């Protein structure tokens, strides 16, 4: 085990030439980032998650109800023991052969059975109230941490001159404000990593999970190697677009469509300018060229830039989806659903639930279609979730 640890923490990989881990040990005169500091992120992530639960229950939910956000989820499917057994034990998406068998068994037409399964799947979708509370929590956190980041960075020389990120590296003392900023951001992303499995499920779950892994890896890597100055720039730059995105989601859940569309278009501009413009010209430029000029070459720099390029690839993918949605908003005068909608049913096929051919069967109607869900464009990026 000692040999594996020695190999993993090889100074020639992590640090510039003629620098050792001993040189970066904290002393009474100066404090430097230590790997063991990162353990603090786990209890903090738990605390953030508990704060989120309290916030959603006692702040976000009353606000949502005050704004008359719909509290009920999608209408429940007509009870049917046979279809329910197939849905829970066999498949949620029956093929044509199974649909024909069920049609004969229940004396229902195939189209009605398809509608039942579609509505039963939507029944498991979260309510608009829950989605509003989730977005309000993210909006509040992103607004807070972005404000904190801006207040911190405007006092630093590297905000205005990125070459200052490498001045004196790696012997750059860890300031208390910077330490707090890093730990809160890392803890938040760890909380997202775990809460994503219980949050509202999106069709981009895999991509968002990849994004969270890259974000946690970048924050951890930059902290260990004391690349925290450029790290603060990256964190602040990524938080700004998520504030507007979550605001657009909340406006949509409140059925303020014009405000939602305006906020979304604002988000699209902010996202594209920050992720496709400022990020490569400001961040990738300094990590690819200015860093090399100041410190020379060592393996950890390649790891840093590979992670940053992966992040840029995700930016390009999301920008493509956002531009598509923005184009529809401009051309049609209203933002339409895209392929990333988290609501499955949005067509006229959802107007009714299954109706039996037998005269004694009950018939219920579903008066809503896509109105119960969010517009698909609002799941196009993260500010998250999400970045």
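Yeah, the Cβs are placed from backbone N, Cα and C, and that goes for glycine too.
TrEMBL labels come from automatic prediction, so no person has curated them.
The transmembrane segment feature in TrEMBL is assigned to 38-55 (among others).
Among the features that TrEMBL reports, domain 'Homeobox' is placed at 83-127. Note: the domain 'Homeobox' (83-127) comprises 32 helix, 1 strand, 12 coil (DSSP; helix = H, G, I, strand = E, B).
Annotated DNA-binding region per TrEMBL: 85-128, in sequence order.
Under the heading domain 'TLC', TrEMBL lists 130-331.
Residues or ranges marked as transmembrane segment by TrEMBL: 180-198 (among others).
As annotated by TrEMBL, transmembrane segment applies to 205-224 (among others).
According to TrEMBL, the transmembrane segment annotation covers 262-282 (among others).
Taken from TrEMBL, the feature transmembrane segment covers 302-323 (among others). Tertiary proximity for the transmembrane segment (302-323) is limited to same-chain residues at least six positions away from its ends with a CB under 8 Å from its CB atoms, namely 207, 210-211, 214-215, 217-218, 221-222, 225, 227, 234, 267-268, 271-272, 275-276, 279-280, 283-284, 287-288, 338, 340, 377, 380-381, 387.
Residues or ranges marked as region 'Disordered' in TrEMBL: 339-387.
Here TrEMBL flags 364-376 as compositional bias 'Low complexity'.
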